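Below is one structure, written out as structure tokens; comments come after it.
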């Protein structure tokens, strides 16, 4: 039986932690003409791409190898895929070229550090093979007239999610007053209808809130204030947690005539549903009053 030594376990652990991460590169500068511009590459020769400033928020998708400390893109070569690593040339930063690529460290804030990173700049008219630098800023290694920039990596995809979750766990928890989103006010599809019924010698105004479903007939007394609980039938689309609102009918008190107390029958029909959904059918509510003199 073979046992793993401590050195072997350490090697396995470091290999497991190494990962290929998806990144994009951006330029940071005090000069607004180039600040926050994404970086992309353009073909300038056989398996050779120069880095240029593209546009704000627009950047090429690249990869970063934690183990080899290299930034690279993948180049299709027939049925195989080869790495085209970032190299710092004599005057320009490029993908491809000789060597295994420049060793790059990425800080927690995304800043790239490598040999010559302190002198990186953006410049035009660098006499590149295809003359792209006539209209676009090339990413160069120093030089007179170059605008100083700092390269910053932004993680994308799953790496972005893991980075954001780790940073949020390290940050203090915000208070409820500052982080809670305002609660949405529920919207109910109800409508209010006002009916005018003439009595002798007084008049009464009745206001009903009718639901979007079929409502049940209710007899309402013509004097006093009455709360009608059966006017609204719970809507199928309404939230089950929301309590159905009650309808209050206010009427003007009047002397009750001698004999049988008069009553008024108020009925809400299905026409309310059409009016609530923007239809042209009016809500039909009938109030029949029987009076005995």
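Even glycines carry a Cβ here, placed using N, Cα and C.
Segment annotation: Swiss-Prot labels region 'Disordered' over residues 161-187 (candidates 161-187, 188-214).
Looking up the ranges 233-262, 263-292 in Swiss-Prot, the one annotated as region 'Disordered' turns out to be 233-262.
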